[in-house]
Amino acid sequence: MSQVSISKFGNPIERVDRAIDALVSGRGVLLVDDEDRENEGDLIFPAGNITAEQVALLIRECSGIICLCLPPERIEQLGLPQMVTCNTSAYQTAFTISIEAAEGVTTGVSAADRATTIRCAAALDARPEDIHSPGHVFPLRAVEQGVLGRRGHTEGTVDLMRLAGLAPAGVLCELTNVDGTMARLPQIITFADEHGFPVLSIEDIAAYRSQPIKKSA
């Protein structure tokens, strides 16, 4: 069990409040899950106004598998089928088929192109004809109950956007070390300190949603 803690970023309610403030201002946050689950930290940004610079940061510092987290109704609005009919992944991560914006991109792989695709698919009035498949952005379908139904980064991302009063669409990518290994909590905290990102956990979001009376004013 790691002795490193995110308590330096406040108590659970304070950590969520600080993450909300960052997201409302268009900045990113780092979301960690349980050490006994994936034991990873995802860098998250609001999807609706994501910039090429933010996508470039995800490509440079993270795994490169940039995912767009959406609730079920938005996935259905876009007409996106699941990547597989029988999901046998360890944590039931609900990938749909990958996507590309139908217009405004070239090869689709650059940071600018991926930002265009994300903004296109995240638009409240987005339609199936606005996107093509396959592509270089990977949508994820959150469960309807959010983190109260599944303790995943996908659900945490969508819940955070809703708590922030934003459209329920967020981008995530797993933070990695320079050597390509997955960043664990000590490296995640160091990265957060260096770049000024708030850190919170999926359990923080569950506590925030379950005990709204304890939200700070």
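Cβ atoms here come from the backbone N, Cα and C positions, even for glycine.
The D-ribulose 5-phosphate binding site annotation in Swiss-Prot covers Arg37, Glu38, Asp42, Arg150, Arg151, Gly152, His153, Thr154, Glu174. Residue density at Arg151 (D-ribulose 5-phosphate binding site): 19 other Cβ atoms are found within 10 A of its Cβ, drawing on all protein chains shown.
Look at Swiss-Prot and you will find Glu38 tagged as Mg(2+) 1 binding site, backed by sequence analysis.
Per Swiss-Prot, Mg(2+) 2 binding site is recorded for Glu38, His153, and the stated evidence type is sequence analysis. Within 10 Å of the C-beta atom of His153 (D-ribulose 5-phosphate binding site) sit 29 other C-beta atoms, taking all shown protein chains into account.
Annotation source Swiss-Prot lists site 'Essential for catalytic activity' at His136 (among others), citing sequence analysis. For His136 (site 'Essential for catalytic activity'), the same-chain residues 6+ apart in sequence whose C-beta sits under 8 angstroms from its C-beta are Ile66, Ser98, Glu100, Gly108, Val109, Asp113, Arg114, Thr117. The DSSP secondary structure for His136 (site 'Essential for catalytic activity') is strand.
According to Swiss-Prot, the feature site 'Essential for catalytic activity' maps to Glu174 (among others). For the recorded site, Glu174 (D-ribulose 5-phosphate binding site), the DSSP three-state label reads strand. On its own chain, Glu174 (D-ribulose 5-phosphate binding site) has Glu40, Gly41, Asp42, Leu43, Cys62, Ser63, Ile65, Met182, Ala183 as residues at least 6 apart in sequence with a Cβ closer than 8 Å to its own Cβ.
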Exercise for the section: Could you check what DSSP calls Arg151 (D-ribulose 5-phosphate binding site) once collapsed to helix, strand or coil? Expected result: coil
